[in-house]
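According to Swiss-Prot, the active site, proton donor annotation covers 332. Residues annotated as disulfide bond in Swiss-Prot: 295-337, 511-538. The N-linked glycosylation site annotation in Swiss-Prot covers 44, 304, 340, 352, 497. Taken from Swiss-Prot, the feature signal peptide covers 1-20, and the record attributes it to sequence analysis.
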């Protein structure tokens, strides 16, 4: 067990003795950081932070607009109270030369590249100390190889800062701090589903913003499904006739803005177009995509037009989504009506195909379309289970149904994303945070070379029973449990009693989300997203 983790456990034991008497006070409790950094040390000092703290940048990437925008964003979070940054009181304090321990934040970024792809370096070092004989001015310093590592460091810095209601100032407890941090997995995702229920642009942005607080880095956008097709596709403009209404749609500009907004927070957007099943809505605008009026999905495998439409959709989407991964679905394909539709049945017989052969033909042809547009295909696990040896070797398999699929996929040389429905499907409201937290993506995979093929994991917010009114409180705080599992070291999340090492911090993180305007539900809910049963502190629900 690491020294840092042991120190935390001892501190949490102390906290648990007094937690029934009062709510946590940052000054009297261990560091409430989420997710837990890889390596860190801290002391016992309390430092004050100047509300006019200045940004100092250095390195090839220090001048990035991403850094400047993030600094301004986080200063608004840290100094949001009336006596905070930009307020009259802060200006008076400045004029009176009130002395603060932390007066500047230095951000050093070594690379000037802002390319955001799978595996981008998100490591950072954060140092916070007061002025002393060697330092005339107190400072905090974040050093990172990329702007995206600096973003993660800014989030950690913001979590160290707490507003003191007595002194009406922002303070950092347990200083000095030295943190060296990096993620365990390069892919840490959250799926949203805008087909089952339309989510307005501002709600999607709020989800993305909240993801950045937990250091998640991939938004898996399940844009379309059998119920609705809300996205504008200029090459085939009738497709979005499959939207629920004229007002529940996304323009090309909307989608581009979501991608831009996400990139500013170090988050990739992976789009999904699920084929050949889950596609009934396509035929609202183009009925020829249906095998027949009584067989509306899977899509018609016999027609070149079907694949022309897929190619057109992907060509349009390639202009919007720069991320190297593109999800082609391929799950839950019921082919019964293919064999009961005359022209499809004749097509199958002419090629000596079974319906399973036709399913494989469809998936592989769709993969080649995606690859031709410089995308790496991602498919749900049924494609691997049904015809894994025929999939393109570049395919990333996403697990959802069978617990050992990642074990089997990596053994065959495929990369895998873990998102087992029993634990990481957020629409399963009866799964408590403990089960989410304790679920390990690498279980059963002992070979380090195969472990590397599990690129990460994803919690899935399927939309059948979640719309704008409840989506954020269904996501949070349970998504945070998976976020720490994917970011922090395996040792840190697997050792000790999580009611001591994780629960107090998760309570605090839930309240942090609430304070930042995210309606995260109580941690100790028997059913997710249920409101509190009675009065009480945010830190004890």
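The backbone N, Cα and C atoms fix where each Cβ goes, glycine too.
Residue density at residue 340 (N-linked glycosylation site): 13 other Cβ atoms are found within 10 A of its Cβ, drawing on all protein chains shown. All protein chains included, residue 511 (disulfide bond) registers 21 other Cβ atoms within 10 Å of its own Cβ. Cα proximity to residue 295 (disulfide bond) (within 10 Å) is found for the following recorded positions from 44, 332, 340, 538: 340. Taken residue by residue with DSSP, residue 44 (N-linked glycosylation site) is part of neither helix nor strand, so it is coil. Checking each of the recorded positions 44, 304, 337 against residue 511 (disulfide bond) by C-alpha distance, the shortest gap belongs to 44.
The secondary structure of residue 295 (disulfide bond), as reduced to three states from DSSP, is extended strand.
Residues within less than 8 Å, Cβ to Cβ, of residue 304 (N-linked glycosylation site) and separated from it by at least 6 positions along the same chain comprise none. Sequence-distant neighbours of residue 337 (disulfide bond) (same chain, 6+ apart, CB under 8 A from its CB) are 291, 292, 294, 295. For residue 538 (disulfide bond), the nearest neighbour among the listed recorded positions (332, 352, 497), judged by C-alpha distance, is 497. With respect to residue 497 (N-linked glycosylation site), the closest of these recorded positions in Cα terms is 44, chosen from 44, 332, 352.
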